[in-house]
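Following: one structure in structure tokens, then a few remarks.
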Amino acid sequence: MAQDNVSNNTIATKHRGRRTSFTEDHLKILTDTFNKTPYIGYASRQRLALETNTEEFTIQYCFQNRRTSHGFQKKSEPEEHLESSQNRDHAEEKIQSRNDRQPRIKYTCSQLHTLNKAFIGNNYPGRDSIEKLAKEIGVSESRVKVWFQNHRSSCCIQRKKEANEGLEQRQNQGQDLCDESLEGLEST
């Protein structure tokens, strides 16, 4: 049950959300960029998103899918390079990757309230829910998706921590009872 939406160049499907269709010109731009650098940073994704009139996360998925289908792996440096040049290259890569990252976002109280309320309702929202939340709180869909991933992770860690504390507390109570019994036996 697919519907054509010509104004956005997308096809909506029942199970997968929207599928982006690129024009020939856009495909050429994306292919040329991919052939030069299969791993691009945030700034490059933003530039391509503007050029192709799509979202940044769409460009990110496009490059991920292309790398997967072409069997790309990050190239490791040859071992014959001198150690000093490796350290210099690594420092340059680190600086470059830091510059390519999206800037850290600070959520307002109302945004966090909306996100937490949605999380309580469903901690694995679908694409439609993410899209709706993103529009409602005024951030990108990728930011909402990452917030949910991070929140699920922190909740999982918190549950494990609470379970360990509860187990430790029960063990301590058991030890206290054992100590009391031994004291009772010693006094008789």
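The backbone N, Cα and C atoms fix where each Cβ goes, glycine too.
Predicted, not measured: the structure shown is a model, and the values here were computed from it.
Per TrEMBL, the features are:
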type     : residues : note
DOMAIN   : 13-73    : domain 'Homeobox'
DNA_BIND : 15-74    : DNA-binding region
REGION   : 70-103   : region 'Disordered'
COMPBIAS : 74-103   : compositional bias 'Basic and acidic residues'
DOMAIN   : 98-152   : domain 'Homeobox'
DNA_BIND : 100-153  : DNA-binding region
REGION   : 163-188  : region 'Disordered'
COMPBIAS : 177-188  : compositional bias 'Acidic residues'
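Taken together, the residues in the domain 'Homeobox' (13-73) have a mean pLDDT of 83 on the 0 to 100 scale.
Look at the DNA-binding region (100-153): DSSP puts its residues at 38 helix, 0 strand, 16 coil.
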